[in-house]
Amino acid sequence: MAITTLDFNQFRSTSADERQIFCADLCETLSVYGFAKIRNTTLSNELIDEIFKYTRSFFALPNDIKAKAKHPNAPNPHRGWSAIGQERVWKISGFEQNKERTDSYNEFRESFDQGAADDQLFPNRWVDEDDLPGFQAFMEGFYKSCDELHAHLLRAISTGLKLPDTLLPSKHRHNTSELRLLHYPPIPCSALRSNMRIGEHSDFGTLTLLLQDSVGGLQVEDQRNPRSFIPVEPEDGYEVVINIGDCLQRWTNRRLCSANHRVMLPEGKDVDSEEVLDDRYSVAYFGKPDRDVLVDTLPECVEVGERVEYGDHLTALQYNQIKLTRTYG
């Protein structure tokens, strides 16, 4: 079983029928997997090459230089460089199913988080310009490019769900989304027998856009067969993997569900082997609603007589903080 790949050129077609087919296919794929792959997006191949160049360059910096932009040893502000072991995503595994983990394990990765350049609540943290020339300017521009693609996809999902095409975009007027660079250092296959590169989790926000290199290892839980995982292997490095976040699950009353995912051994690797896995790099844009927007089930997504699953009147910021506090707690 493989995650469906869609062509974004269909959404940009001058044919209304073609655009409608794309929107319907997108929502169908997301309803089955919680994930989809999209090629030919508004993120050009050149732009993707450049973001991976900067990602590798940033993580190659000495730790004392990266620490100039250090993420605090606390949930907020969720900005800057997190060293290996600082964030523990496994602690939110099962959160949406009201399940508490009783086990624990190590996660082998480091990350860098940023928000919008004008975010006054949680300002960004950067290394000095001389440490990595052009990094801040490029990252701020790339963030805007991801924001534009995210807005297109929100319109497509709204259309595919037969909602007003402005409904989901209207909840993202003041960008509070986050852009994350990730580095998974080399590690023996055998070390992942009882550990993970990143633990099983679902994403907090609306929709995640993911770019991954050729190493592999990303897996998504099969929504029709819980506890079975499907590999989301890279194709050519230029497709965008998208996945549903918890807020969209809540708004749609589970018509679209956020799927658990993790990073484990790539396909074809042996957990009993002492072979050392290569560095793995990825880039994730976590689309998130405006902080004061409620993430209750939307009335437009409830059929007559259907039970409303989410009515706890949490704002997007409150929900985000509940999960974030666990990962850095």
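Each residue, glycine too, has its Cβ placed from N, Cα and C.
Under DSSP, HIS201 (Fe cation binding site) is assigned to a strand (E or B) in the three-state scheme. Positions annotated as Fe cation binding site by Swiss-Prot, on the basis of sequence analysis: HIS201, ASP203, HIS261.
The 2-oxoglutarate binding site annotation in Swiss-Prot covers ARG280, and the record cites sequence analysis as its basis. Long-range Cβ proximity for ARG280 (2-oxoglutarate binding site), meaning a same-chain Cβ under 8 A and a gap of 6 or more residues, is found for LEU182, HIS183, TYR184, ARG197, GLN212, ASP213, VAL215, GLY216, GLY217, VAL263.
Summarised as a single figure, the pLDDT of the domain 'Fe2OG dioxygenase' (175-289) averages 92. Per Swiss-Prot, the feature domain 'Fe2OG dioxygenase' maps to 175-289.
On its own chain, HIS261 (Fe cation binding site) has PHE35, GLU200, HIS201, SER202, LEU218, GLN219, VAL220, GLU221, VAL232, ASN243 as residues at least 6 apart in sequence with a Cβ closer than 8 Å to its own Cβ. Around HIS201 (Fe cation binding site), a 10 Å sphere centred on its CB holds 21 further CB atoms from the protein chains shown.
Helix first, then strand, then coil: DSSP counts for the domain 'Fe2OG dioxygenase' (175-289) stand at 10 helix, 45 strand, 60 coil. A C-beta separation below 8 Å, combined with a sequence spacing of at least six in one chain, links ASP203 (Fe cation binding site) to ASN243, ILE244, GLY245, ASP246, SER258, PHE286.
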